[in-house]
Structure formats: C-alpha cells, structure tokens
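Visitor: Checked TrEMBL, it gives:
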DOMAIN    20-244  domain 'Amino acid permease/ SLC12A'
TRANSMEM  24-45  transmembrane segment
TRANSMEM  50-69  transmembrane segment
TRANSMEM  117-137  transmembrane segment
TRANSMEM  158-182  transmembrane segment
TRANSMEM  194-217  transmembrane segment
Amino acid sequence: MCLCPGQEVASGVRVLPQSYWYELLYGTILLALCLVVCLVGASIYAKATFLIFLIVAAVLGTILVSFFATRPLGVPIRMPHLNSSETENGSFTGFSLATLRENLGGGYGVDYTTGQMMSFSTVFAVMFNGCTGIMAGSNMSGDLKRPSYSIPRGTISAVLFTYLVYNLLAFLMCATCSRTLLQKDYGFLRDISIFPPLVTVGIYAATLSAAMSNLIGASRILYALARDDLFGECLEYADISQSPDGVGAVPTEWTPLAAGVMMLCGS
C-alpha cells in the first residue's frame, strides 16, 4: 500500500493539499528522509524505529480504550467512486453479540474505493503485507552482536505479539462495528477514537517505519548478493562502498522506490 500525506486518511478527511504533484512532493521528501536515515547507518535507524514504535504503541492503546469508552454512534460514509454527495451510514454499536454474529464469515463485498468485487486473494494480499514486518529484523542480522541468539527469539516474539494484537483488534472491531462500517470506511478507527488526530499520526508513523525497514533491509540483501558475487558484474556497483549503508546499495534501492512514488501517488 502506498500512502502519501496528501491522500485521505479517513472518509472525507484531508490532512494536506491534495493533487498528483503535491503527493509526489510529499512522497519524495519522505523517501529522501528515509534515504538519509539508512545512509547514516543502523544506529540511527534503530533509534528512529524505536521512536515510531512508541508512537504506534500509544495510538494502539488509545484505540483499545476507545472501544470501551466511545458510546454507540452513527458514522456517515462518503462513497468516493460514486457521486461525492452520496453517503451511506455505518454504525459503532458498542459491544454487541448481534454485531459479532453479523461480522462472522467472509461475506465479501465491493471495495468502496475502487468499485471492484473483493475476494479471498485480494484480502490475503493486503493482510500479507501487514505481516511481513518481522523480516526487517532478519535483514538486519549482520548488525547483531549475537545473531544466533537474537534472530530466533526476536522473530518468534514478533510473530506472537503481532498475532495477539491483530486478533484482539479483529475481535474488538467485529464485536462493535457494523459490517457496513468495516467494509466501506477504512478510516473508521478515526471516527470512533477518543482522540482522532492520534490515529492519523499513527498511520503516517507506521507507513514511515515500513518504508525505512524495506529500504534498509533491501539494501543489505543487495549488498550481500554483490559481496558473494552471485550475479557477477551485474551487482558490482552495490559493493563499491564495502558497506550495506554506503553509496552503492542504498541509493540503488531508493531509485526504483522513487519511481514507484511517481506511479502510485496519482492512482
């Protein structure tokens, strides 16, 4: 998923000016920031991701409290692929057995952002991307003091923690939010949060963290391939700095990402 700061983070909510060129500008600036962090090295990357972890943890805590603190309410939903004045109504019911039963099972519907029918494969594609963050730690194994000790324990801990958090959130959402709200407003957590702006901050923080982890992780894989001479002279340029944080591997990964920003921001 590509999220630019100019795009809507909830139904009808724009944070910054929105157009193709604005989104391209925001995406390029953020990608350049990620490039600088990755070029400086693993130390500043670890500090940046820890700060982002604290922010996301605070957002998650606020959301969990909101499920219990927010009273039942109706949420108007604007349909972006239809007339902008047309809306549907979702609802936050609070904890309800009837709501939980309504949300059990697949019941695939139309994606309100594209108007296309969803299926198991499309939902899996979205969820798969949300569960691959643990690979960032494995890609950083070369910077660990005790890789044989840290990798298995860190990976297993990350998988268990992610499993518990995702399933807890899924249960709370299914027990409190109508199917219409879940299917037609991907920013509904902002609508029910006791402090809505914090949800927006969490979205941007998580997106920035994913961008940095992908950039620094991919550069290390590329550097390892070049160092082991697996592709001959094709990847020789990635090994010129003798470091995965140098001017060879990281900018090589940054270039296609910048091209991706140009293609995806306007879509």
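Glycine is no exception: its Cβ is also placed from the backbone N, Cα and C atoms.
Automated prediction, rather than curation, is the source of TrEMBL annotations.
Owing to the predicted nature of the structure, the values given are computational and were not obtained by experimental measurement.
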Visitor: Could you check if the transmembrane segment (24-45) is in contact with the transmembrane segment (194-217), meaning 3+ Cβ pairs under 8 Å among residue pairs at least 6 apart in sequence?
Guide: yes
Visitor: Could you give the mean pLDDT over the domain 'Amino acid permease/ SLC12A' (20-244), rounded to a whole number?
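Guide: Average per-residue pLDDT within the domain 'Amino acid permease/ SLC12A' (20-244): 82.
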